[in-house]
Amino acid sequence: MPFVMAIDQGTTSSRAILFRSDISIAASAQQEFPQHFPASGWVEHEPEDIWATTIATCRAAMDKAGATAADIAAIGITNQRETVVVWDAVSGQAIHRAIVWQDRRTAEFCTRLKADGLEPMVTAKTGLIIDPYFSGTKVAWLLDNVPGARARAERGELKFGTVDCYLLWRLTGGKVHATDATNASRTLLFNIHDGAWDDELLKLLGVPRSMLPEVKDSSAHFGDSVPELFGGSITIRGIAGDQQAATIGQACFTPGMIKSTYGTGCFALLNTGATPVKSNNKLLTTVAYQLDGKRTYALEGSIFVAGSAVQWLRDGLGVIKHASETGPLADKSDSAQSVYLVPAFVGMGAPYWNPRVRGALFGLTRNTGPAELAHAALESVCYQTFDLWAAMRADWPDADAATTVLRVDGGMTASDWTMQRLADLLDAPVDRPVIQETTALGAAYLAGLSAGVFPEPQKFADNWRLDHRFRPAMSAATRERKLAGWGRAVKGLLATDEGE
């Protein structure tokens with residue numbers, strides 16, 4: 001039975017999972033790596049840490065499964081999106097640490113672009129807004145701030161890529177410089193309607209075309225790993241950004257299906273089919289996947305803080321020692337208190353898009369303690385998801401008929417408390433699948449589809465299995481009261497921004 005290996009390169013760790021042809025998991029390995037915070041709002045990774053942990057976990061997973069390179073039909077890569085690496089085209093040496101998707105250093109540059117009236121043009125081409133979150137302004141910053149970088153780029157000496165592209169380059173020994181349409185669609189440089197890099201956008205941000213990778217289908221032959229990495233060459237046949245990979249792993253192939261992934265942040269995607277839907281509620285229009293040259297689009301809402309709110313409770317406040325303690329602690333909170341956490345630690349994502357504001361707690365009393373803080377942290381994830389859910393239903397013309405169930409995945413879905421509260425606030429069922437590793441599964445599926453190991457999308461969807469459905473149990477009056485309180489808290493926070 002052949003294996004398909006998924007590389008899942010995330011914000012805080014790298015993982016590798018071997019899937020069997022029946023979609024069961026044979027083995028997995030995970031290794032964390034450090035994040036660097038050189039200034040307020042700046043987040044960086046060492047590219048060598050990304051590479052070393054990726055290779056180490058691949059080898060560890062292969063060892064656990066007793067698999068050799070000959071046993072693996074294909075590799076699929078999924079990655080933290082928007083994070084950028086720029087490297088020397090000959091040596092492969094990065095010119096700077098990777099600038100991570102959470103990084104806000106280009107906020108002022110983005111503000112200037114908006115003030116110049118450029119956002120409507122950018123949004124029309126990319127489906128995105130002008131925000132430090134996306135790759136384009138990060139690349140521009142590197143070219144303008146690393147000594148000699150712009151001149152080297154103009155001479156064709158530098159390559160740019162998102163993390164998938166960087167890993168592909170390294171895996172193939174520098175032979176392949178490519179990415180897929182999902183990752184390209186997150187750069188602010190890619191026209192999602194034409195499916196190509198856009199000259200007007202490249203000129204706007206000052207990015208030479210010679211730096212850019214080839215853009216391919218999400219399921220395609222990308223190249224072959226050099227033999228010395230895994231004791232033999234393995235073909236690389238699938239690439240997708242992490243949220244699009246999770247959408248595929250959740251089998252959201254039908255327009256109207258929606259999934260939400262809970263990791264460091266929270267990301268909800270609604271499949272809109274072959275037609276890109278323009279949002280009137282500050283959602284993003286993005287590429288869900290591209291197969292056989294045909295793009296499927298999605299509406300996306302991006303929240304920057306979800307699981308990291310629990311990390312803050314643990315590492316910042318010392319309220320808990322383990323994430324699993326958060327739900328039971330929240331259960332002990334005083335129901336008479338209404339404490340709201342707006343976790344804008346790095347600004348606010350959809351649907352508010354304010355990079356300047358910072359987090360705040362509302363409704364504190366003398367009796368507020370650890371239980372109330374845990375309660376507020378978990379509920380903040382649910383409230384933010386509600387904001388995305390409401391925006392998607394407003395933008396999607398067939399929402400009442402289609403977007404009736406939310407499929408969830410990611411580490412936080414292990415918390416029954418959080419998932420039940422999510423169903424209560426959405427007033428909709430929340431479905432947790434049997435296979436929680438949906439991001440890795442999506443990458444594996446794309447690779448296995450190209451390799452002929454996995455079936456066509458609809459047959460794959462037929463194999464999706466439900467672990468638990470959380471049904472809403474909160475009264476309408478309580479729901480409305482809680483949502484109104486959240487709305488006031490968000491409004492109060494936004495009012496602290498002098499730019500508002």
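Each residue's number is its place along the chain shown, starting with 1.
Each residue, glycine too, has its Cβ placed from N, Cα and C.
The feature sn-glycerol 3-phosphate binding site is assigned by Swiss-Prot to THR11, ARG81, GLU82, TYR133, ASP242. Under the three-state DSSP scheme, ARG81 (sn-glycerol 3-phosphate binding site) falls in the coil class. Take the CB of ARG81 (sn-glycerol 3-phosphate binding site) and look out to 10 A: across all protein chains shown you find 27 other CB atoms.
What Swiss-Prot lists as ATP binding site is THR11, THR12, SER13, THR264, GLY307, GLN311, GLY411. Less than 8 angstroms from the CB of GLY411 (ATP binding site) sit TYR262, GLY263, GLY307, ALA323, each of them six or more residues away in the same chain. DSSP gives GLY411 (ATP binding site) a helix state.
Reduced to three states, the DSSP call for THR264 (ATP binding site) is coil. The ADP binding site feature in Swiss-Prot is assigned to THR11, ARG15, THR264, GLY307, GLY411.
Per Swiss-Prot, glycerol binding site is recorded for ARG81, GLU82, TYR133, ASP242, GLN243. In sequence order, GLU82, TRP101, GLN102, SER302, PHE304, GLY349 make up the list of same-chain residues 6 or more apart from TYR133 (sn-glycerol 3-phosphate binding site) whose Cβ falls under 8 Å from its Cβ. DSSP assigns TYR133 (sn-glycerol 3-phosphate binding site) to coil in the three-state reduction, outside any helix or strand.
Taking THR11, ARG15, ARG81, ASP242 as the binding-site residues under consideration, the smallest Cα distance to GLN311 (ATP binding site) is found for THR11. Apart from THR11, ARG15, THR264, GLY307, GLY411, the residues listed for ADP, the same chain places the Cβ atoms of GLY10, THR12, SER13, GLY263, GLY410 within 8 Å of the centroid of those Cβ atoms. Cα to Cα, ARG81 (sn-glycerol 3-phosphate binding site) and ARG15 (ADP binding site) are separated by 15 Å. Counting every protein chain shown, the number of other Cβ atoms lying within 10 Å of the Cβ of ASP242 (sn-glycerol 3-phosphate binding site) is 27. Take the binding-site residues GLN243, GLN311: by the count of other Cβ atoms within 10 Å of each Cβ, the lowest one is GLN311.
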